[in-house]
Amino acid sequence: MVLGRGSLCLRSLSVLGAACARRGLGQALLGLSLCHTDFRKNLTVQQDMMKIELLPALTDNYMYLIIDEDTQEAAVVDPVQPQKVIETVKKHRVKLTTVLTTHHHWDHAGGNEKLVKLEPGLKVYGGDDRIGALTHKVTHLSTLEVGSLSVKCLSTPCHTSGHICYFVSKPGSSEPSAVFTGDTLFVAGCGKFYEGTADEMYKALLEVLGRLPPDTKVICGHEYTVNNLKFARHVEPGNTAVQEKLAWAKEKNAIGEPTVPSTLAEEFTYNPFMRVKEKTVQQHAGETDPVTTMRAIRREKDQFKVPRD
């Protein structure tokens with residue numbers, strides 16, 4: 001990430017926010033953390049069936065407004081800054097009906113209560129009773145609709161025990177679908193194992209998300225791409241896909257543009273956590289089994305000192 005005005009604030013809050021995400025202290029920091037994201041640009045992913053507005057939040061989070069083009073009904077993913085969501089809803093002149101919460105950490109679910117006060121009657125979905133303002137608890141393969149869009153809930157426990165990813169598609173459409181992965185799968189990375197194991201993350205990445213169509217758009221919860229790719233380069237220094245993606249991501253960061261979305265097919269070429277079956281990744285980890293490789297490279301990533309280049 002390029003840090004300009006307020007860079008000290010951003011660095012401090014990035015570290016502090018990660019700790020608070022699992023300690024329940026986020027609400028006390030929410031107002032402070034808006035200091036801020038205005039150097040990061042919104043992005044609209046436009047398709048015939050749906051429009052997805054990427055909304056930067058806090059220091060490196062993303063919220064997402066999903067608009068069904070047929071009905072102009074909308075859902076929002078992880079609305080930690082409710083006022084920004086409301087402004088975007090008004091800009092697009094759509095009807096917000098649904099909140100999709102990936103997990104209970106404050107930087108994802110911390111805006112739910114305020115949003116439902118601003119917009120009474122919202123349906124709030126999630127897989128964990130710790131999620132604020134929850135109205136509909138979902139489990140693996142639960143389904144719901146947003147206008148004419150179909151949403152399938154995918155249980156991916158590990159970062160948190162109740163983590164849900166949301167696979168959004170349009171029945172009968174040939175356009176690529178999208179999966180909102182929260183803190184399970186990032187561009188070139190994955191979430192920390194706060195409440196789970198390497199085996200659970202392996203299943204989440206390879207057996208649940210990895211079996212979705214290859215052209216599925218991966219839409220994640222944070223802008224971590226450059227740092228993730230620097231670790232991927234460390235794991236596989238000879239991987240040209242990593243090198244090319246890193247150069248591209250640095251250019252995007254330099255002008256404040258998102259590196260999201262990627263696709264599942266792309267993730268299998270440069271994401272070391274999706275590549276734990278590859279010999280190059282296993283050799284780096286000193287392992288021969290994908291799950292123990294997952295455990296080893298996650299531990300290494302947790303201690304990795306990101307180079308400044």
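In case you wondered, yes, glycine gets a Cβ from its N, Cα and C as well.
Swiss-Prot names ASP107, HIS108, HIS222 for binding Zn(2+) 2. Of ASP48, ASP183, ASP289, the residue it gives for the same site is ASP183. The annotation in Swiss-Prot ties HIS103, HIS105, ASP183 to Zn(2+) 1, and of the candidates under consideration, HIS136, HIS159, the one tied to the same site is HIS159. Checked against LYS117 (N6-acetyllysine) by C-alpha proximity, the binding-site residues HIS108, HIS222, ARG298 yield HIS108 as the nearest.
Sequence-distant neighbours of GLU300 (substrate binding site) (same chain, six or more apart, CB under 8 Å from its CB) are ALA285, listed in sequence order. In sequence order, the recorded positions near TYR194 (substrate binding site) (Cα within 10 Å of its Cα) amount to none of LYS90, HIS103, ASP183, LYS230. Cβ neighbour count for LYS90 (N6-acetyllysine) (all protein chains, 10 Å cutoff from its Cβ): 10.
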